[in-house]
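Take a look at the structure set out below.
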Amino acid sequence: MIEKLTIKRSRQKVIAYSVIIIWLMIVNIWLLNNYHLNSSTLTRHGNGDNLIDEDDDSSSSSEYSIYNELDTENYLGQQHQEEDVPNSQSTDNSLIKPTSPAKNSFKDDITIKILQKHLQKQQNNPKDIRTKDSHAEIYNQIFENHPQIDTILGNLNFNQRCQLFFQNLFIKDNNWILNVKDKKIKLENKNDFKFNDFKKSHLNEFKRQFKTMKKLLEPNKIIHNKDFDNSIEFQDFIKMKYEQFWNRTMTYEQKIVDSISILRIFNKCYLIEEATSTTTTKNNKQDFIKDQFKLVDGIRRASKKNPSLPKFKPTKQEQMVNFDNENLSPSILEHRVYPWLSFEYPVYERWTGKVQYQPPKMANYVKDGNQKTTKKTKYNNDKYLSSFFLNRLKQKCNGRGLVLSISDLHVDVTVRLIHLLRALNNRYPIQIVYYDNLSKETKEKIVTAAREVMSHVPKSFERVAKYFPDDYLDNDQGGLPKQEIWFINTYNVIHADYKLQFRGFANKFLATLFNSFDEFILLDADTVLTQSPSYFFNLPQYLETGTFFYKDRTTYETRPKSDSIFFEKLGPSVIDSVMFNIPIMTSYTLNRSFFKGLFHYMESGLVVLNRDMHYSSFLTMVQMNFFEPVNSRIHGDKEIFWLAMAINGKQNYYFDENYAAAVGVMTPDIERTKPDKTLHESKELCSPHPGHISHDDNSLVWLNSGFFYCGQNDKVKFVEEFKHKSRLKHLNTLEAFKTFYYSPLRIENAIIPPMDLDIWAANNEDEPAKGWFGDPRYCSGYMWCAYDKIGGKTKSGKNTRLEGKIINFDEQAQDLFNYYGDVWVGME
């Protein structure tokens, strides 16, 4: 009996303890949700949470002034900021000037290190291989004011972090703006970063300066260069000059880091969240914050810190900058970050002459079902997000199409491209994007090429007719399919103060941003497609990543290491990653040949892009193009496309694995014998056209420089080129030579040369030492010869042989190339 009572009482105790434990867990969960996760009673403003605690009496503006010296706490805090952060009110509306780093770097904080490791693991990036981590200077101010980093990372939700970042920009300078016209930001000489290079490059200049200085100090003394060449005083003078150069350069680079960081964080905070190929209904920002709160709580409990998370308390100055619609609407930030925008839409003009002032709905004009694209990201009736012009622009874009950026100078090749697109049975609309003006004559030529009856095709069609659908030549509809043409005038989208900033290559980025498609293929006017546009839209890698890029020739032009370091610095910092979930650069980007020293990496004559997945990167492209130190390190626009994505924290871009090939007809072996009259092991193909070969099946998908054998005929000096007679030996007369240049390129073969930046394939067998050789004697300098093998035995017996790839196109492919070439050139 006693045993039964004991067992019964034990069970009762277990039940009671269990109830108490469950009750305590519920209380803790309630506290976590209502205390730790919400550090104060917050007032909702649109889509952001105000950092001001309305229950905190100290937040009442009537109780104190930030200028009241008798308020000891406030006065000392302000004094501390003024001492540590100089030039707090900039007078030139430019970005914050670099300040000295905090004495105790916040990057060394254990919480930040653990959170970053966790993020890298989630992103399948176990090792950080970067050599530089450069953050926006404003973080120094934020973490000096809030040295207990856990109060930010363990308390503030995503919107509150955004507010905190931009509040501090206003505290630093109420007139801050991303000044893209700052001409002081420049690259003095990218090859001078090492002291010895700098000294060698400027030695004579410094001798003159030093001599002038000495004459001013000692006017009666005759000074010769030999008197001071090796003097300590002169060496110190050079070191001083180098230090000045270095400090100027670091200042300019930090301004660019600040500008790109602010842009990146604004886009992350206030633009509609971008889709991925595997978009779910999860709110990524909320998931990121919830996960981080749990980790911060776990870190505090596991460490010697007080497990109770301190409450976040904004500084008095932060409380003065209140983001609400009546005081400081966050949409004002859009004007500060994008001062070059007029916040108007482009002018959209259909081929009929009808004009629209907002993006057209393409499904109303092209009714084949290809224009009914579904938005993966939506406003969800959020008036806050819709207050931003850039969000409205993104949401109004729709459908799929082709985009060209041209001027009147490009009308001839544009007409030829449109003829080719008709031959390729293209059904996608085409938008011609221009800046400022496109003449009436140019528009007439383009519309005529797109809409005229085109039922007569070259004789070469007979050999390929079987490869096209039965309705390919539908005479009732005007033969080859007519094209839906739109002209997009982007001049009015640029603020009047910045119109001169958009010339040349910048137009391509305007075309990227302001065409009206969700998905598009951006083309150069002289690009030649050998596959239909639908081929590119259906590439699996494009569907997965929202991009498809192609590589350039591997011409062994190199860049200094300082270039790679510079672009690394522009990427997201660790604190960007931890605060805003913007991933740092990984080996996916940093192991590319560009970062190892290759100068030409991407070819941008054909780019496939998805706006819904990469919109913020489009904006980063435009911003990067403003900076002279960026443009001085690349050729034209091409590298900015993929670099902008990596710098924006978006590394879901894709390159075809093949580098560009030379396409055409291989040089007969007998025409390039060795000095002893024996044949080379290597094969040679000389062509003015780089072509792009699919890694998947070795098919030719597109090529550059039009379809004339030589795309530079207006510049060619035919008499001089014909006299060389070292190539094209089958052409016996000047007239035949000239006719050949104006004929379509005939494509039978392609060569993708080998490439290894670490190997110069010198050899003793008269084989080429590098994969590409530019021959300036032909096609006005546009002739390049490619070799499938380079290197061989050296005098020491070493073998430097590297092998590339030869592609021999079958009869069907050659017949199609001939037909497309005849259409492009206009042959009967």
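The first residue you see is number 1, and the count goes up from there.
Even glycines carry a Cβ here, placed using N, Cα and C.
Per Swiss-Prot, compositional bias 'Polar residues' is recorded for 86-103.
The N-linked glycosylation site feature in Swiss-Prot is assigned to Asn38 (among others); the stated evidence is sequence analysis.
Classification of Asn247 (N-linked glycosylation site) by DSSP places it within a helix. Listed in sequence order, the same-chain residues six or more apart from Asn247 (N-linked glycosylation site) with CB atoms under 8 A from its CB number zero; the list is none. As annotated by Swiss-Prot, N-linked glycosylation site applies to Asn247 (among others), with the evidence given as sequence analysis.
For Asn437 (N-linked glycosylation site), the same-chain residues that are 6 or more apart in sequence and have a Cβ closer than 8 Å to its Cβ are Tyr491. Asn437 (N-linked glycosylation site) falls within neither a helix nor a strand when secondary structure is assigned with DSSP, and so counts as coil. Feature annotation from Swiss-Prot assigns N-linked glycosylation site to Asn437 (among others); the stated evidence is sequence analysis.
Look at Swiss-Prot and you will find Asn591 (among others) tagged as N-linked glycosylation site. A simple way to gauge crowding: the CB of Asn591 (N-linked glycosylation site) has 11 other CB atoms within 10 angstroms, across all the protein chains here.
Positions annotated as region 'Disordered' by Swiss-Prot: 80-104.
When pLDDT is averaged over the topological domain 'Cytoplasmic' (1-13), the result is 51. Annotation comment: Swiss-Prot describes 1-13 as topological domain 'Cytoplasmic', evidence class sequence analysis.
The topological domain 'Lumenal' annotation in Swiss-Prot covers 35-828.
The transmembrane segment annotation in Swiss-Prot covers 14-34.
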